[in-house]
Amino acid sequence: MSGAALGIEIVVVFFLALFLLHRYGDFKKQQRMVLFGTLLAWYLCFLIVFILPLDVSTTIYRQCEQDHKEQASVPALVSPLSNRTIVNTTAAPTKSVRTLCHKPWSYIPDGIMPVFWRVVYWTSQCLTWLLLPFMQSYARSGGFSITGKIKTALIENAIYYGTYLLIFGSLLIYVAVHPELRLSWYELQTIGITAANTWGLFLLVLLLGYGLVEIPRSYWNSSRHGHLLVKTYFKASKLMTEKADAEENLEDVMEEVRKVSESIKYNHPLRKYIDTILRKCPLDYQEKMGRNMDDYEDFDDKQNTYPTEKSLVKLHKQVIYAVQRHNRTRVQWQILLQQAIHLEDVAKNETSSTHQFVHSFPSSEPAGWFSRYIYTPTVEWYWECFLKRWFYRLLSIVLTLFSVVVVWSECTFFSTRPVLSLFAIFIQLAERDYNYLYIEMACFITIFFLCTCVYSTVFRIRVFNYYYLASHHQTDAYSLQFSGMLFCRLTPPLCLNFLGLIHMDSAISHQEKLQTAYTSIMGSMRVLSFIANGFYIYYPMLIVILCIATYFSLGTRCLNLLGFQQFMDDSEMTSDLIDEGKELIRREKRKRQRIEDGENRRREWKERYGNPREDYAARNRSSHEMKETSYSDTVSSSNSRQAKYSRSGSRAERDRIELLQDAEPLDFNAEALTDDPLDAESGRHSGGRYLSMSSSRSRIFDDI
């Protein structure tokens with residue numbers, strides 16, 4: 001099993017990062033460079049989190065071997081029957097028994113982990129500080145060529161990269177002026193790593209303090225169906241406002257595109273740029289602009305003023321942003337509408353005596369084997385109305401206990417005698433018995449919880465419309481790459497903080513212990529003692545203040561005072577938005593109900609009479625053929641046969657008319673006329689139509 005665990009986790013983590021990227025990104029529309037850069041950043045960060053427990057267990061085993069080699073008076077013997085190193089410690093004055101160092105099942109051979117961490121760490125740092133900022137500007141650029149996009153990206157990042165060069169040059173000059181410092185390349189590298197980790201730790205504590213409180217509270221609120229439904233109404237009101245603003249912005253941009261498209265004719269040198277912009281527009285706008293164009297007119301440079309290439313680049317950038325925002329709000333509205341309808345169904349079914357879950361709008365797709373045999377309506381009722389809330393409450397209590405343990409350990413991890421950090425106590429207890437599986441599971445659960453608190457905050461925060469991670473493939477390229485930058489900057493200090501919590505970082509715990517391979521790559525923090533002994537120890541204590549501020553929703557209240565409407569139970573504006581959202585959901589439900597009723601009537605029509613147009617054509621063909629074949633028959637027999645067919649046909653017509661009369665009330669404001677022969681035969685005035693009828697007979701039950 002040597003190295004097998006490392007290979008398995010590398011593959012599993014890759015598919016995990018790919019799954020998340022597929023959920024938030026769009027593989028079909030977004031640029032391959034954007035997807036690859038984001039996938040690589042997420043993959044490397046998740047890889048560090050999943051591999052670090054293996055590094056801890058391997059380090060504990062190596063520490064055991066080193067201690068026994070120092071104490072033993074005879075060389076260690078490796079048993080050929082098992083992966084155990086047997087050490088005779090009879091020469092030691094304090095030990096007279098034979099001890100065993102069990103080799104962990106996930107042991108990684110020497111020399112692999114240092115190379116692995118070096119490649120992963122420096123690749124992630126190159127991504128976050130050099131490549132991803134450049135790729136952000138490249139993807140957001142409105143240029144029409146690769147060269148133009150690269151030029152724009154370099155100009156936008158000139159100040160960004162110039163700051164790095166200025167800091168590095170100042171450091172070199174300072175070292176050259178003071179020869180007594182004699183900083184080696186290793187020490188300069190350590191200073192750079194320390195500076196990056198310090199910046200990351202500053203942001204890490206802010207995000208962690210929010211997540212430690214908000215994640216348990218979110219699960220507790222999810223168990224309160226009434227609270228969740230009211231908050232959904234609030235979100236619906238805000239999202240509708242954003243959706244209307246996005247539609248208005250899109251119309252303004254499309255109007256500008258239309259004006260530019262009409263002014264630049266087919267033989268203008270800038271026409272190729274207009275065609276590129278038009279391809280980014282929605283299809284309905286493309287059709288409207290295509291109908292209004294007259295490509296047979298030549299352009300005249302003397303009479304008209306034409307936009308410049310720079311203005312077209314700006315317009316191209318606006319079109320990309322407006323279309324993406326419009327699509328995102330439209331998809332989010334449909335998802336939020338479905339959530340609100342489901343929560344209302346849960347509220348209605350809670351008082352059901354049949355204990356069977358009934359949906360307001362059942363799915364039109366046939367039920368699969370899982371819904372038929374396992375997740376039946378009875379099982380769904382017990383889960384949605386009874387078990388789910390208790391499961392969320394229990395999960396919230398467990399996460400709250402984890403948060404308390406993290407806060408306590410963050411405030412006491414610097415104390416080694418006595419050991420106050422609970423995570424360090426757990427690991428040391430398992431280390432005495434060399435229970436490597438328990439060590440790896442404890443490390444993985446701890447670091448996974450820390451990453452969940454930090455990364456979930458990254459996925460939740462929203463900086464206006466510039467940074468926003470939206471699921472269902474609605475995240476733009478800029479936000480995807482910005483999230484990759486944050487992950488690469490937060491993960492290394494997060495791992496160092498975790499190693500400090502379990503007393504595996506000698507720079508913080510000040511213990512003479514064997515360092516992990518990850519810590520050896522980070523370098524010795526003793527080069528900057530004021531950071532190792534001050535900032536890294538005392539700054540995480542601020543997490544207590546941040547947790548208290550999050551618990552009392554101080555940030556939400558401040559945003560509400562600044563004019564950014566937030567969900568607050570004691571706010572009058574919140575109540576107004578809740579009422580507005582409730583009315584919006586009710587309106588959408590009525591609209592969906594009308595559509596569903598129309599589909600049901602159309603389906604009933606087809607089942608009873610088939611397609612009216614096809615039946616009418618079939619009757620005409622049959623009567624024509626009948627007249628040709630019966631031309632030589634007598635007049636009396638022909639008349640009786642035709643009367644027979646006309647009686648059957650008129651009866652079917654009367655049935656159709658009776659069905660239409662019961663459909664919906666009349667609409668006498670209709671302006672369009674209909675050519676339906678059914679109306680002519682029944683004597684109905686062409687100006688009066690049913691609300692559900694259109695001029696086409698095949699769409700006779702379409703709702704308006």
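Heads up, the Cβ atoms here are built off N, Cα and C, so glycines get one too.
So that you can see what the record holds, here are the features copied from TrEMBL:
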- 615-630: compositional bias 'Basic and acidic residues' (COMPBIAS)
- 631-640: compositional bias 'Low complexity' (COMPBIAS)
- 615-654: region 'Disordered' (REGION)
- 668-704: region 'Disordered' (REGION)
- 6-22: transmembrane segment (TRANSMEM)
- 34-52: transmembrane segment (TRANSMEM)
- 119-138: transmembrane segment (TRANSMEM)
- 158-177: transmembrane segment (TRANSMEM)
- 189-213: transmembrane segment (TRANSMEM)
- 390-408: transmembrane segment (TRANSMEM)
- 437-458: transmembrane segment (TRANSMEM)
- 537-554: transmembrane segment (TRANSMEM)
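With Cβ pairs under 8 Å as the measure, the transmembrane segment (189-213) is packed most heavily against 437-458, out of 6-22, 34-52, 158-177, 437-458.
If one looks beyond the transmembrane segment (119-138) by at least 6 residues along the same chain, the residues whose Cβ comes under 8 Å of a Cβ in the stretch are 33-34, 37, 40-41, 44-45, 47-48, 149-150, 152-154, 156-157, 160-161, 164, 196, 477-478, 481-482, 484-485, 488-489, 491-492, 521-522. Proximity of the transmembrane segment (437-458) to the transmembrane segment (537-554) is not established, fewer than 3 Cβ-Cβ distances being under 8 Å for residue pairs spaced 6 or more apart.
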